[in-house]
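Student: Straight out of Swiss-Prot:
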REGION    21-47  region 'Disordered'
COILED    47-105  coiled coil
COMPBIAS  82-99  compositional bias 'Basic and acidic residues'
REGION    82-119  region 'Disordered'
COMPBIAS  100-119  compositional bias 'Basic residues'
Amino acid sequence: MSEAVETQPPAADTVSAVKGMKKNGKQWHDNKTAFRPRANQTSWDKRTAERKALAATKAKEKELKEEKETERQRRIDAIKTKRAAKEERERFQKMEEKMHKRRVERLKRREKRNKMLKS
């Protein structure tokens, strides 16, 4: 009798895992799997920790973007002020030239008058 018991293989090894039905009953479709929502697989503490980490990274990214934008705005303002100063200088230079020309013209007219009076 002991020999008969030894020859039989254990029942647990031969039984394979039960698979779900084919989708739509067709061979080429995948097997159905058990519906297991992802929400219950991770713990609440782990999810809150992930949210905090994500919020921290987003805050850091926002801060870096703001710094970058302020630097860009500062450069733009510097360029604008330089351009405005250059335009102002050019305007004054043109005005000085005009004023000088007018003064020279006035002096020439005076000289002509004086010549006419003397002659």
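Including glycine, each Cβ sits where the backbone N, Cα and C put it.
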Student: According to DSSP, how is the region 'Disordered' (21-47) divided among helix, strand and coil residues?
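Tutor: Helix, strand and coil residues of the region 'Disordered' (21-47) number 10 helix, 2 strand, 15 coil.
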Student: Run through the compositional bias 'Basic and acidic residues' (82-99) and tell me, per DSSP, how many residues are helix, strand and coil.
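Tutor: So the counts come to 18 helix, 0 strand, 0 coil.
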Student: Give the residue counts of the compositional bias 'Basic residues' (100-119) per reduced DSSP state, in the order helix, strand, coil.
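Tutor: So the counts come to 19 helix, 0 strand, 1 coil.
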Student: Restricting to the coiled coil (47-105), what is the model's mean pLDDT?
Tutor: 93
